[in-house]
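Data block below; observations after.
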Amino acid sequence: MPNIMEGQLEGRGLKFGIVVSRFNEFITSRLLDGALDALNRHGADPGAIDIAWVPGAFEIPLTAQKMAARGYDAVICLGAVIRGATPHFEYVAAEVTKGIAQVSLNSGVPVIYGLITADNIEQAIERAGTKAGNKGFDAAMTAMEMANLFKVMAR
């Protein structure tokens, strides 16, 4: 019979880093509220949660890398990149996505992608707690599950 390994949705005993982009703060603050709500509902100690605000999404991967190196069980990355009239959206969204994945792979720490990439403000608002749930909440749930899975795998 195979040995099944799964992470539980439990925040107790875990330390979380959260990186939040200040750009589009009217969206990202809702993502942060969602992430904190999920962690709180699942028993995370508020004193074991550190939040780093960064100017924009492009600064998220480097800050996540610094957090991953400091002993967090998981790092949650939150931001909102909204398409405009120039190709800036594609550049930022692609590089931030690659950067977050690279930090996770290089550090061995779950670094969770909780960014909204949207065509317009309405889509971003929907994904930050209205019609389409809250991507910050979802990212925190993933962070807890992955951190606990890694603890199971380390046994």
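Using the three backbone atoms N, Cα and C, a Cβ is placed for every residue, glycine included.
What Swiss-Prot records for HIS88 is active site, proton donor. In the three-state DSSP assignment, the secondary structure recorded for HIS88 (active site, proton donor) is helix.
Residues or ranges marked as 5-amino-6-(D-ribitylamino)uracil binding site by Swiss-Prot: PHE23, ALA57, PHE58, GLU59, ALA80, VAL81, ILE82, TYR113. Here GLU59 (5-amino-6-(D-ribitylamino)uracil binding site) comes close to SER21: these same-chain residues lie at least six apart in sequence, with C-beta atoms under 8 angstroms from its C-beta.
The C-beta environment of THR86 ((2S)-2-hydroxy-3-oxobutyl phosphate binding site), restricted to residues of the same chain at least 6 apart in sequence and closer than 8 Å, is empty. According to Swiss-Prot, the (2S)-2-hydroxy-3-oxobutyl phosphate binding site annotation covers ALA85, THR86, ARG127, on the basis of sequence analysis.
Around the Cβ of PHE58 (5-amino-6-(D-ribitylamino)uracil binding site), the number of neighbouring Cβ atoms within 10 Å comes to 17. Of the listed binding-site residues ALA57, ALA80, VAL81, ILE82, ALA85, the Cβ environment within 10 Å is emptiest of other Cβ atoms at ALA85. For PHE23 (5-amino-6-(D-ribitylamino)uracil binding site), the nearest of the recorded positions by C-alpha distance turns out to be HIS88; the candidates were ALA85, HIS88, ARG127. ARG127 ((2S)-2-hydroxy-3-oxobutyl phosphate binding site) has a Cβ environment of 24 other Cβ atoms inside 10 Å. Taking Cβ-Cβ distances under 8 Å and a sequence gap of 6 or more within the same chain, the neighbours of TYR113 (5-amino-6-(D-ribitylamino)uracil binding site) are CYS77, THR97, ILE100, ALA101, ALA139. The Cβ of HIS88 (active site, proton donor) lies under 8 Å from no Cβ of any same-chain residue at least six residues away in sequence.
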